[in-house]
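Annotated compositional bias 'Polar residues' per TrEMBL: 7-16, in sequence order. For 32-166, the entry in TrEMBL reads domain 'MARVEL'. Taken from TrEMBL, the feature region 'Disordered' covers 1-22. According to TrEMBL, the transmembrane segment annotation covers 36-55, 67-89, 101-121, 141-162.
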């Protein structure tokens, strides 16, 4: 049996200057912006902004139906901003314990259902709350149109989120490398 050496040299070192920083620089992932999910989120943000801006410019507070439309549009717009920032800066990879594909799919399905109700509510209330040809009528009609487009965008996102969640068209290695978005 070999003998243990009587002298063992050990060396200690201190961490390099700045290497112990816990917050790394956030860099946007431009690949996400070019992905289907990124493009759909940008579309949802722009069209959702149009929906609530058009309604907000009318006396919507006089009609409860538009209160619902405003709630749906503003709430989903804000939550979409949060998801967009999470995915743009790849923060979802740092929070690995959250099943992001499932969370995003549930959000998109819920947003689609809520926008279906908002679109129907907004469309049904246009004729009853405004005179044809007036500025509020045109704004509310335009908001209904844009609400239908946002509803379709969330529906498409729900479809692609479902595919990402189920892993359709990719394997585990490519979905991890791609950051979990299509």
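Glycine too: its Cβ is placed from the backbone N, Cα and C atoms.
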Overall pLDDT of the domain 'MARVEL' (32-166), taken as the mean: 95
Secondary structure composition of the domain 'MARVEL' (32-166) [DSSP: H/G/I, E/B, coil]: 118 helix, 0 strand, 17 coil
